[in-house]
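Just below is one structure, and these are the notes that go with it.
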Amino acid sequence: MEKNIFVHNFNIKKEDRSVLNKHRPFLIWFTGLSGSGKSTIANAVEQALFNKGIHTYLLDGDNIRKGINSNLSFSAEDRTENIRRIAEIANLLIDAGLVVLASFVSPYIEDRENVKRIVGDANYIEVFVNTPIEECERRDVKGLYKKARKGEIQNFTGINAPYEVPLAPDIEIDTTKLNVESIVDIILKQLLGKIELL
Ligand SMILES: Nc1ncnc2c1ncn2[C@@H]1O[C@H](COP(=O)(O)OS(=O)(=O)O)[C@@H](OP(=O)(O)O)[C@H]1O
Ligand SMILES: Nc1ncnc2c1ncn2[C@@H]1O[C@H](COP(=O)(O)OP(=O)(O)O)[C@@H](O)[C@H]1O
């Protein structure tokens, strides 16, 4: 496809927004099974950052899939497109100067690698919320595991669709061993130095 597209060079740069915000932008990517704790942790981390005066935005599976990605299913191809679009949205939000928290099952290694490529290695940490599937299923926050076991949901991650475990996540959390408060501390410890203006 021929693309006659020219990127305009605007006056205000990402670096200018960082100076105004008093911190660098960033992406914290949470990956893990449904019910592992991604949204709960992302929410608590965002609250802690907000309390420190950091400008944030949280992108979450259910609300993105109700809006911009409402045309996408849970097939492997559509999950890839889901994650690609989210990475591009995150990239715009990073350009806008925000610390972005993204909470998506994102079961494929290649898709997560693509996120890192899009936003840049230096702007990204991956948090693997590694809660055993037995615990996610015991929680069954939305009743989806029950439905998947009954065969009412196709392609349910962990039951009849794959989850490719991160090989080298920046942070790995087992929510059966740590409470939310200590998980937030672990994440902030890694993050705060990275968003500091030098
Ligand atoms: N088949 C199937 N597999 C996994 N998850 C399913 C499925 N169908 C619906 N849901 C609900 O959708 C949420 C996951 O959406 P994501 O956009 O994060 O998925 S993905 O990254 O594209 O794999 C997921 O949200 P979380 O529970 O917050 O992870 C589920 O509520
Ligand atoms: N240490 C913990 N960290 C995060 N969630 C926990 C923890 N312990 C129990 N939970 C519970 O597990 C559930 C996780 O659900 P949710 O955050 O929606 O997961 P996900 O976004 O991965 O689907 C919530 O009901 C939460 O209260």
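Even glycines carry a Cβ here, placed using N, Cα and C.
Listed in TrEMBL:
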- 25-174: domain 'APS kinase' (DOMAIN)
- G32, L33, S34, G35, S36, G37, K38, S39: ATP binding site (BINDING)
- S106: active site, phosphoserine intermediate (ACT_SITE)
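Everything TrEMBL records as a feature, shown here on the structure.
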residue : record                                  : CB count, 10 Å
G32     : ATP binding site                        : 29
L33     : ATP binding site                        : 23
S34     : ATP binding site                        : 23
G35     : ATP binding site                        : 23
S36     : ATP binding site                        : 27
G37     : ATP binding site                        : 26
K38     : ATP binding site                        : 28
S39     : ATP binding site                        : 21
S106    : active site, phosphoserine intermediate : 28
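A mean pLDDT of 97 is what the model gives for the domain 'APS kinase' (25-174).
Less than 6 Å separates the Cβ from ligand 1 in the case of S39, S106, drawn from the recorded positions S36, G37, S39, S106 in sequence order.
Taken in sequence order, the recorded positions S34, S36, S106 that lie near ligand 2, meaning a CB under 6 Å from one of its atoms, are S34, S36. For the pair S39 (ATP binding site) and the residue listed as 'active site, phosphoserine intermediate', the C-alpha distance works out to 13 angstrom. Apart from G32, L33, S34, G35, S36, G37, K38, S39, the ATP site neighbourhood in this chain, defined by C-beta within 8 angstroms of the site C-beta centre, holds V105, V129, T131, C136. The two recorded residues, the residue listed as 'active site, phosphoserine intermediate' and K38 (ATP binding site), have Cα atoms 11 Å apart.
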